[in-house]
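Colleague: Quick one: the structure is below, and I'll ask about it shortly.
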């Protein structure tokens, strides 16, 4: 009985040590790309739709502009992330070869494809939110309110998800994402509204 308890205690200690030893920084690359992509998808697509709506309040025009922003943004995010992470990959490979006598530990290297896919997928998921919020609302002002409300909820959700996956403080992460999204949306909407008003 005593040996059984000792064995269970050892197993629990080993599990705790493994959890502590787990390097959460390994998640950082794709997590950073995913959070960045989601925020960009939410904010840029919503701002684009609201900006276009300031000039032409037709729901079809707003949806088409948002869809175009989704496709272009997802491609841009994926390509940019792939190039960026691949540059980092090459640098780390060269450094490993110098330090390890030509040996490369691939499991420690960032994945360009993973980062690019996460970025594009997250952007698309984020961009769908304002599209769906605006799709079934006929009144322009109600439509804008629905977009802002949906984007706000989505920003909080993505901030919470990023904090949970990265083992970071939930409140700080969610607040940072939400405030940043609001600021970006306000600036982009204000500028596009100004341009549309003055017909520049």
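Glycine too: its Cβ is placed from the backbone N, Cα and C atoms.
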Colleague: Answer with yes or no whether Swiss-Prot records residue 34 and residue 173 within the same membrane-side topological domain.
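Modeller: Taking the topological domain names from Swiss-Prot at face value, residue 34 sits on the side where residue 173 is.
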Colleague: Using DSSP, break the topological domain 'Cytoplasmic' (165-176) down into helix, strand and coil residues and give each count.
Modeller: 9 helix, 0 strand, 3 coil
Colleague: For the topological domain 'Vacuolar' (56-62), DSSP counts of helix, strand and coil?
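Modeller: DSSP classes over the topological domain 'Vacuolar' (56-62) add up to 4 helix, 0 strand, 3 coil.
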Colleague: Cβ under 8 Å, sequence separation of at least 6 from the ends of the topological domain 'Vacuolar' (56-62): give me the contacting residues as numbers and ranges.
Modeller: 49, 134-135, 137-138, 140, 143
Colleague: Count up the helix, strand and coil residues in the topological domain 'Vacuolar' (138-143) according to DSSP, in that order.
Modeller: 4 helix, 0 strand, 2 coil
Colleague: Are there residues at least six beyond either end of the transmembrane segment (144-164) with Cβ under 8 Å to its Cβ atoms? List them, or say none.
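Modeller: 31, 34-35, 38-39, 42-43, 46, 49-50, 53, 122, 126, 129-130, 132-134, 137, 170, 172-178, 181-182, 185.
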